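According to TrEMBL, the features are:
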| type | residues | note |
| --- | --- | --- |
| ACT_SITE | 688 | active site, phosphocysteine intermediate |
| BINDING | 627, 628, 688, 689, 690, 691, 692, 693, 694 | substrate binding site |
| DOMAIN | 1-110 | domain 'C2' |
| DOMAIN | 477-845 | domain 'Myotubularin phosphatase' |
| DOMAIN | 880-940 | domain 'FYVE-type' |
């Protein structure tokens, strides 16, 4: 046990709860069943308590054998006292015990969180002192977990200077909860048969929820799906407890209906069930009279050992009975007589081993309490008993056969030797927390509603050691885009356009970048007049210029003529001046992304579109692209459709989502704009309502189709920085802010989907592969980086010193995202915009689909390690499960730095060391295949 002293200091900026504009706050502090209440501070929004409370707490890492209720989190609930009605809830926060150290924590500020979509505000200052005489040397818990488990294979890389790289989350990660023996299922909604199941260890940290597949490392079980993955806390959509079908059979002796089951849904199309894997129904050996393997109860409620009568390996198998109840181990003999004859034949060999304690006692094989404690210790150390059970019962298991040959005496060997034989890599006993999913559920619910207010991106730099902070400070991801360099690349004549610095304080237009490219001759006064006539002050400004033809792309928001048809001379002059910048043709085609009906509806609300009779040489077209609410409904339907059970009307359900129709519509709209510019030589002005959603999609797609620079890795990064980040796409709202559910919309994901469609139609026109797009999509929702945390460039500029840019991580291993078939093309891309060609982005939407997973569907772009093609005769390939570093350069493999096999020598190498390809006819490779540098040199020096 440990003594926890909590000092409640003060709170600041609490919300108004009473009619007098104040509140009467008090705090309830909870540790399991014990709780304390502070005094009530009357009529204040900034209360001061300075009250201390003591708790006696227990943690599995200090007292692993204790029967006491373990404390994982200390919960602070803030309430407003009301004498006339029930007290009102203000907010709450949770402090993980696993992150507490021995020494006193200085006054620390904790933001109040919400329990629903309602807003929460305010912060509480708390001081904590933990006094634990039995505190292990590996405490805090995150140090042991990181060193033993998370330091390799589950880290991203951050690019610093030259070849210097730092892990992410790395040393900033803090383990909050460690759950063992959890049944993990990746499944379709309502469909159990197609689920991908495995036993795993679940680790909750301040960055993510990590699922570590257990059996693929330590157990001798074949044909298992490795479900190791991590779920960034930012992608959590919902967390709920569910009731399961009690007829569902998972493993022998496991009754799902009596267990806690947690359903986790994520924005990245993951649906995962977590279930406590405790034994609730144990087969009765007196009724079976056969070889029996008993699962192990992790709670140590039933003392039993492993094997009854161990016969030949073919005497037992694992089957389901016809009644639909739990599976039992049954003999494969056709009759009881055959079974009896077989048992008589086996008895002379004295192969009776490790039966139930009751039967052992009857035969006087347990002679002392120490013997019994030895067998009971098996229950404590067995990491994954269902797979261990299969291991013993599987007739094809060679290790089992070898162990049977090893046993010669009538008594069973000590359990420690048994474990060492079957688990050669089994470590010493480790601190394992109770697998209480209620605790995990409460913590994940907190993150669902509050992670957007306090994202993990802000914790990384705060928690890093000082030496790593110095390296991180040299990262340049925030400085990749420079408007002056972009203007120079455009080769714009100085007398046509110039860089306008009048928005450097973001007062002219808060959602625009500080520097704008405006037509020459337009001064601040005219730009200010135009901003007052445009929605959100988003004036027409240049974003792309074609130096060969002289035409360009302008973007803006809708004008504000209203029902009274107001006009703005400044706005008209600005657009007209941009048109006259061209000598040969001053035509300007205005594209309104909305429908004419939507534009008319906005006109009734004081907005609208351009009156082309007042804009000389301008024409207007509507593109009929739906708004963000329609797109949100589409993605929600697609989510449900992707997790529908197999056999449902998939194609009709997919059509009902309209997702592919909207992708076709976006591509067709961009294609039409490009045709107007490249064939008719027109300049264009693109806008929608506020100019930060559909406008951004269209301007980005047009530039990709016309400018080959944006099809390169560097160009695509600059395009996102320019069109999406600097021009104020509302990432914070669109990616799912809890208090603004109606603002969520998959605008950015649609754009990435459109780019993926282009890479399919033009596989050699892009320098990057689909893995690049996947990394961007995943990291947009993870909230691990500052790039996509805010809505505007102004807001992003305030967090640059506190967070990393996404490009510091994505570009850390460029070789893994390079398309080796890339060929630079100067021509304009003209994609086919038809549902006959457009496909669902399977690599994104089907990554966690159980049907595809069970069938082995994992593409090379999305697997953390390359799929295992069958090597040709004469080359022995290294086992990728045992290799964690490149065998050439020694760099550690990560989720970005993937594993590759050299087809010539079979070694496992990284993308940088395998960027060569050649034909190997002697190995039946008649087209170029990936090889390492040494083998490439040999292939060029000899006649192959």
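Yeah, the Cβs are placed from backbone N, Cα and C, and that goes for glycine too.
Where TrEMBL records a feature, it is marked here on the structure.
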residue : record                                    : Cβ contacts under 8 Å, 6 or more apart
627     : substrate binding site                    : 594, 598, 689, 693, 694
688     : active site, phosphocysteine intermediate : 557, 558, 592, 593, 594, 625, 694, 695
690     : substrate binding site                    : 535, 536, 538, 557, 558
692     : substrate binding site                    : 511, 536, 538, 557, 727, 728, 729, 730
| field | Average model confidence [pLDDT] within the domain 'Myotubularin phosphatase' (477-845) | value | 93
| field | CB contacts for residue 694 (substrate binding site) [other CB atoms within 10 A, all chains] | value | 27
| When you look at 627, 628, 688, 689, 690, 691, 692, 693, 694, which the record names as binding substrate, what is the longest CA to CA distance in angstrom? | 12
| said: What does the DSSP secondary structure composition of the domain 'C2' (1-110) look like, as residue counts for helix, strand and coil? | reply: 3 helix, 55 strand, 52 coil
| field | 8 Å Cβ shell about 627, 628, 688, 689, 690, 691, 692, 693, 694 centroid, substrate site members excluded | value | 593, 695
| note | Checked against DSSP, the composition of the domain 'FYVE-type' (880-940) is 14 helix, 19 strand, 28 coil
